[in-house]
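Undergrad: Just dropping this structure here.
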Amino acid sequence: MAEISRIQYEMEYTEGISQRMRVPEKLKVAPPNADLEQGFQEGVSNASVIMQVPERIVVAGNNEDIPFSRPADLDLIQSTPFKPLALKTPPRVLTLSERPLDFLDLERPAPTPQNEEIRAVGRLKRERSMSENAVRQNGQLVKTDSMYGISNIDAMIEGTSEDMTVVDAASLRRQIIKLNRRLQLLEEENKERAKREMVMYSITVAFWLLNSWLWFRR
């Protein structure tokens, strides 16, 4: 129900707007005046036929038609020819040794011997600095390689020493086990030898006692 009433209200609103609002036939800017109104009505037929965009807008007061000359700056702009701009395509790779920074100049002065000498000296300085930088970088690379090799050797020595300690501990443990076994065998042999000696000693003593008793019986 609310939707139907809303649609009806919108239809009535749009119908009222279309009936009451009209585009005016003319727009009045000046205050109401009989002379202006009459002149305006006389010139409406001519002014309403073709509408042209004026060349310039001139603001004048008190209904005065002040003659203005063509602006000087417009004549100057139209009379001044445009110079073509010289644009150069930037190179893909910027190399200071081959292309110095003065390649951006569009118009170079005539080369002089002094300028050539200055450029040659600057080029030599750049090449010397580049070679020194290359040698320095190579020296740093050699140093880093040597340091890396030394560190690798130290790491290998430490690793081998650790491995050696592990191997030594294992071998020592095996040797200790072997020594324990040999000591146990020696102890058992000593016990058996002591038993044999006791038996032999008792037999010898018994033999001598028997011989002495027999000798006394005779």
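We count from 1, first residue shown onward.
Quick reminder: no glycine exception, Cβ is built from N, Cα and C everywhere.
Note that the structure is predicted; figures quoted are calculated from it, not measured.
Relevant sequence annotations retrieved from Swiss-Prot are reproduced here:
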| type | residues | note |
| --- | --- | --- |
| COILED | 167-198 | coiled coil |
| MOD_RES | Thr89 | phosphothreonine |
| MOD_RES | Ser129 | phosphoserine |
| MOD_RES | Ser131 | phosphoserine |
| MOD_RES | Ser146 | phosphoserine |
| MOD_RES | Ser171 | phosphoserine |
| TOPO_DOM | 1-198 | topological domain 'Cytoplasmic' |
| TRANSMEM | 199-216 | transmembrane segment |
Undergrad: Compute the C-alpha separation of Ser171 (phosphoserine) from the residue listed as 'phosphothreonine', stating it in Å without decimals.
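TA: One finds 78 Å between the Cα atoms of these residues.
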Undergrad: Using all protein chains in view, find how many other C-beta atoms are within 10 Å of the C-beta of Ser171 (phosphoserine).
TA: 10
Undergrad: On a count of neighbouring CB atoms within 10 A, which of the modified residues Thr89, Ser129 is highest?
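TA: It comes out as Ser129.
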Undergrad: Around Ser131 (phosphoserine), how many other CB atoms lie within 10 A of its CB?
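TA: For Ser131 (phosphoserine), the 10 Å Cβ neighbour count is 10.
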Undergrad: Could you state the whole-number distance in Å separating the C-alpha atoms of the residue listed as 'phosphothreonine' and Ser131 (phosphoserine)?
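TA: Ser131 (phosphoserine) has its Cα 30 Å from the Cα of the residue listed as 'phosphothreonine'.
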Undergrad: To what whole number does the mean pLDDT across the coiled coil (167-198) round?
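TA: Average per-residue pLDDT within the coiled coil (167-198): 88.
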